[in-house]
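Listed in TrEMBL:
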type	residues	note
DOMAIN	52-99	domain 'SRCR'
DISULFID	CYS63-CYS73	disulfide bond
DOMAIN	104-209	domain 'SRCR'
DISULFID	CYS176-CYS186	disulfide bond
DOMAIN	212-253	domain 'SRCR'
Amino acid sequence: TTAYDFETALTNIKDELNFSITESGEQSAANISTNMTHKTAIIHDRSKYGIGSGSLVVEDLNCTGTEDNLDECGSFPWLEGSASPSCNSHYYDVGVNCRPNTPIRLVNGTNATKYLGRVEIEYDGKWGPICDRSFDANNAKVICRMLGLNTESAIYHGNAFYGTGNTGAIISNLNCHGHEQDISECGADTWSEIHGYCSAVNNVAVQCNTPVRVNNAWTLYLGVVEVYIRGSWRRVCFDNFTDADAETICNIA
């Protein structure tokens, strides 16, 4: 493979990020986000995206983060066999996430729409929902985190709980562990290539507020105060409970 072949391959970088460039630091990886919406990149080793292709291996790109072309990085020109022997192994193939801040919004929610609604993300210039297939509480937690909201009480609803929307789903089989900062860091089907199960009635919704209720008494307006945290209803202690606390509870419950 010639250096010219490698440069030609870079024109497809938006669609193919796993070519064989060895891990060399955050500044170098940031340059790969050319033509992307966001410039901040996250570096991963081969275990995240698998191995790359091609025999040309580049080591120590030595970029500053401001280049418009990799040819402007300090390591150019790249010569065959110039990388250290260990870099010839696919074990050291580096991958990057060029948009680790997926635009996201909640729509069609009732009451406090800031905290609940149908999940929609922006991808490839279009907004669309997420399919509820395989969706779970860990996915909801990551979405609430992306919105800057509470993750301790994250709840999700399937079956177009807050409406179907006007576009097809963008993601199906989302598979977060719950600790990720963005859904782009979670596993999923290839975005926009949606599982056949998914239709408009399978759009998912989340609730990122802390549910409150007054429970176990003889009208709807009085009872023991309970809040929903980490998957179950929990009590609130009487000690130091104030009139202001009660007003807030009653406004929400």
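Any Cβ shown, glycine's included, is placed from N, Cα and C.
Long-range contacts of the domain 'SRCR' (212-253) within the same chain: residues 137, 152-153, 155, each at least 6 residues beyond the stretch ends and with a Cβ under 8 Å from a Cβ of the stretch.
Residue counts of the domain 'SRCR' (52-99) by helix, strand and coil are 10 helix, 5 strand, 33 coil (DSSP-based).
Using a 10 Å Cβ-Cβ cutoff, CYS73 (disulfide bond) registers 20 neighbours. Look at the domain 'SRCR' (212-253): DSSP puts its residues at 10 helix, 14 strand, 18 coil.
Of all the disulfide-bonded residues listed (CYS63, CYS186), CYS63 sits in the most crowded Cβ setting, with the most other Cβ atoms within 10 Å.
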